[in-house]
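A.B. asks: Found this in TrEMBL, in case it helps:
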ACT_SITE  81  active site
ACT_SITE  144  active site
ACT_SITE  168  active site
Ligand code: PCA
């Protein structure tokens, strides 16, 4: 039987009018590639409420794999995240004006969860297709890390047979016309997420390959 991948993207935040994560994942909604079917849902950029919306999306789609996607303005690569940490520390308010400082996401949860995606294989496949990619060792401490942690905590608590993870993506070119920041075209990001979805659905185990960094 074919596998099902749920992709999520966020609504715009921090003064931006688009969020490349939603722009990209919505274009993959309904696609079937190599017997892998892809569904996409939008998540609000709001601490805690984001997790409730994700929970509903998981119940609706019953996916084998969940990949949450978010904008990481300033990054030049598509970056599968290695780890989610149990802390909210906002530098800017979320879309409901909440700005938690050093609050645990789950009082009963572990300090961190590893991604269950084959992150190095995803990087390898993206590079093979000409898409700039590298492993990231921090998803930050804003809503993206929050949602990633909540996803992994939910899977852990319910012993669900779901593999979860998170990918950060750069700005779109139109978001950078007035900033000196890198960007990737929507077409490239969509293709990259298609590759990441199929790779994650078809490969449970990661490859052993250098992918660390000094900072
Ligand atoms: N990026 C933010 C939250 C929503 C998004 O797309 C982050 O990196 O936390």
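Positions of Cβ are set from backbone N, Cα and C atoms, glycine also.
Could you place these features in context, so I can see how deep they sit and what lies close by?
C.D. replies: All protein chains shown were included, and the count of other CB atoms within 10 Å of the CB of residue 81 (active site) stands at 25.
With a 10 A radius on its CB, residue 144 (active site) counts 26 other CB atoms from all the protein chains. In three-state terms derived from DSSP, residue 144 (active site) belongs to a helical segment.
Taken residue by residue with DSSP, residue 168 (active site) is part of a strand. Note: residue 168 (active site) has non-local neighbours 69, 70, 71, 72, 75, 78, 79, 81, 136, 139, 144, i.e. same-chain residues 6+ apart with C-beta under 8 A of its own C-beta.
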A.B. asks: Under a three-state reading of DSSP, tell me whether residue 81 (active site) is helix, strand or coil.
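C.D. replies: Going by the DSSP assignment, residue 81 (active site) falls within a strand, counted as strand.
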